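Enquirer: Shown below is the structure under consideration.
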Amino acid sequence: MSTAAHRELCFRQLCALVREAGVRPLSLMANDPAEYFAVMEAAGGADISLGVKLGVQYSLWGGSIINLGTKKHRDRFFDGIDNLDYPGCFAMTELHHGSNVQALQTTATFDPVTDEFIINTPNDGAIKWWIGNAALHGKFATVFARLILPLQGKGGDPADMGIHAFIVPIRDLDTNAVLPGIEINDCGHKIGLNGVDNGALRFRSVRIPRDNLLNRFGDVSRDGKYTSSLPTINKRFAATLGELVGGRVGIAYSSVGILKVSVTIAVRYALLRQQFGPPKKPEISVLDYQSHQHKLMPMLASSYAFHFATRYLVDKYSELKKTNDEDVMADVHVLSSGLKAYITSYTAKSISVCRESCGGHGYAAVNRFGALRNDHDIFQTFEGDNTVLLQQVAGDLLKQYQEKFKGGTLSATWNYLRDSMGTYLSQPNPVTSRWEGEDHLRDPNFQLDAFRYRTSRLLHSVAARLQKHSKTLGGFGAWNRCLNHLLTLAESHIESVILAKFIEAVKRCPDEKTRELLKLVCDLYALDRIWKDIGTYRNVDYVAPNKAKAIHKLADYLSYQVRLVAQELVDAFDLPDLIIRAPIGMQSEAYAQYTQHVGF
C-alpha cells in the first residue's frame, strides 16, 4: 500500500469509528480513561498507525484543550474534536529541540494594540517537526511557544515568560487550504507508521486572538499583564508537562497490546511447527525445545506482568483525573515515564525475537513482524525519549531518598524505600542467602525482597557516587559520570513495581485454578529477571552459588511448565483473527491460510 493510500485509509477508519460506530474518544478520555485506553489498544491492534492517529487527535490535541485550557476552550472545541469536525495537531517538537522542551524557540509575542498573539518561527531550527496530523488532515494545532511580553523585561526589553500552549488554526475548515502565514511540508516516508501524516510547520507572523492562549497555568489580560497562580517559570513548565502524562500512559498501554499480538503469533506458530524428533518417532513441536521455551516463555510471562502494571497505571491516572491530587500527580508522572520507557524498550526487542523464532516464515510481510517492528520502533522516542524518561525516574528516586532521611512523606509507589530501606541496606542473611528450596524461591516475599534489595543497593551506591563526583565535576558532570548507573537504577525500580502489581493481581484472582496459573506465570517472570541479573546478587552475597544454580534450574523448569499451558495463555488475550491477521498466528489452520495467501 502506498503512503498516500495508507494515510487515507487510516483517516477513513478513524472517521468510521467515530461517526459510524458512535465512539466518542474525547468524552471517554475525560470521563472513563480506562475505556479510552482500551479503545486505543484495540485500534492499534488493527493497525498501529490507526492507534497513533487516534492518540494524536484525542490524547494530544484533545488532551491539550482539556488539560491546559479552561472552560472557554472546552466549550468552544470539545465537541468538534470529539466528532472529528476539528482534526488537530500537537506542535511541540522542533527541528533543533525535542526532549529539551524548555529550549523551544518558536515565539508568541503579545500585541496589546490588537489584543492578539503573533506566532513566529524565528529560524529554521524552530520549525515544528514530526507533527502528526499536520501534513494532510489537521485544521488546528496546539503550538508550544515562548510567551513574549513587549517592554516588560529589564530596561524595557521584552519579557520571556517561558513555554506556553496556543491554539493556532492552520487550515480552512471548509476548503482545507493552508491559512496565510503558515507553511506546511510533508516529513515524507518513514521507517514505519506511514498511515500517520507527519508534517513540518513554519509560522510567519501568524496572528491569533488572545483567548487562544491555553491559560490554565498562566494568562495575559487585555492590557498585557501576566498572571499565574504558580510563581516561577519552572513551576509553570512542570505543571504544563505534568498535565500531558496521558500520552505516555497510552503509549505504555498500547505497547503491551503490540507485545501480546507478537507473542501470540510466535507461540501459536511454535506450537504448530514441527521439526526433528527422536529416532523413528514423529517430529516434535519447536516449542518443545528448551531453547525455544527460553526465548518465548519469559516473554509471555512479561506480557502478563506488563498487563497488570499498565492496568494499575491507568487506574492511578483515572484517580488523578477525578481528584487532581498533587501526590497522585507526582506518582503518575514518574510511573508513566518509567513504564513507558521500560515496556516499549522490551517490546521493541521482543518483536525481533518473535520474528527470529518463526524462522523464514516470520520474514514474510503477511505475518506482520516487519510492520509491527517498524511501526512500534518509534514508541521508544515519541512522548519522551526512553533514556530521558528513565533519568526522570532516577531523579525522583534520589529525591525520595533524600526525603527518607529528612523524615518526609514518600509517594505511594515508593513506599518500600521508607518501610524497608534499613533492611535492604543491611548485610545479607548468610542463612537465607543459601536457601534453595522451591517453596522459598517461589515465595512472593523472597522475590519482591530480592527486587527491592537490588533497587535499594543501587540507589544507595549511586547517591554516594553522585556526592563524591559533584565535588570535582559539579552537578551536571557528576550526573553524566553516573548516568549508566542511574539508568540501571530506574529500570530496577520499575521492575520492582511491575512485580509488585503482578503479585497483587495473583492474590486478588477469585478463581483458584486461574490463580494457580497466574502464580506460575508470575514466578517465571520473577525468577527469570533475578537470574538475568544474578551477577548483582552474587557480588553482594545476597545469593550464594548453590542458590544461584537453583534459581537457574527452577526458571528453566517453570518455562517448561508455562509451555504446557502456552496455548491457553495466549488465547486468554482474546485477540480475534481479525486483529492477529498473520496466517501463521491465527486460531484457524495456519498453513491453509498461508498457502491460500500466496495463491494455492
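Using the three backbone atoms N, Cα and C, a Cβ is placed for every residue, glycine included.
A TrEMBL annotation is a machine prediction, not a hand-curated record.
Sequence annotations record features per position, and here TrEMBL assigns active site, proton acceptor to GLU383. Per TrEMBL, FAD binding site is recorded for THR93, GLY132. For 89-206, the entry in TrEMBL reads domain 'Acyl-CoA oxidase/dehydrogenase middle'. Among the features that TrEMBL reports, domain 'Acyl-CoA oxidase C-alpha1' is placed at 242-397. Marked as domain 'Acyl-CoA oxidase C-terminal' by TrEMBL: 443-587.
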Enquirer: Judged by the number of other CB atoms within 10 angstroms, which among THR93, GLY132, GLU383 is the least packed of the recorded positions?
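Expert: Per-residue Cβ counts within 10 Å for the recorded positions THR93, GLY132, GLU383 bottom out at THR93.
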Enquirer: Taking just the CA atoms, what is the gap between THR93 (FAD binding site) and the residue listed as 'active site, proton acceptor' in Å?
Expert: 10
Enquirer: In whole Å, how far is GLU383 (active site, proton acceptor) from GLY132 (FAD binding site) when you measure between their Cα atoms?
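Expert: Distance (Cα to Cα, whole Å): 12 Å.
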Enquirer: Give the three-state DSSP assignment (helix, strand or coil) for THR93 (FAD binding site).
Expert: coil
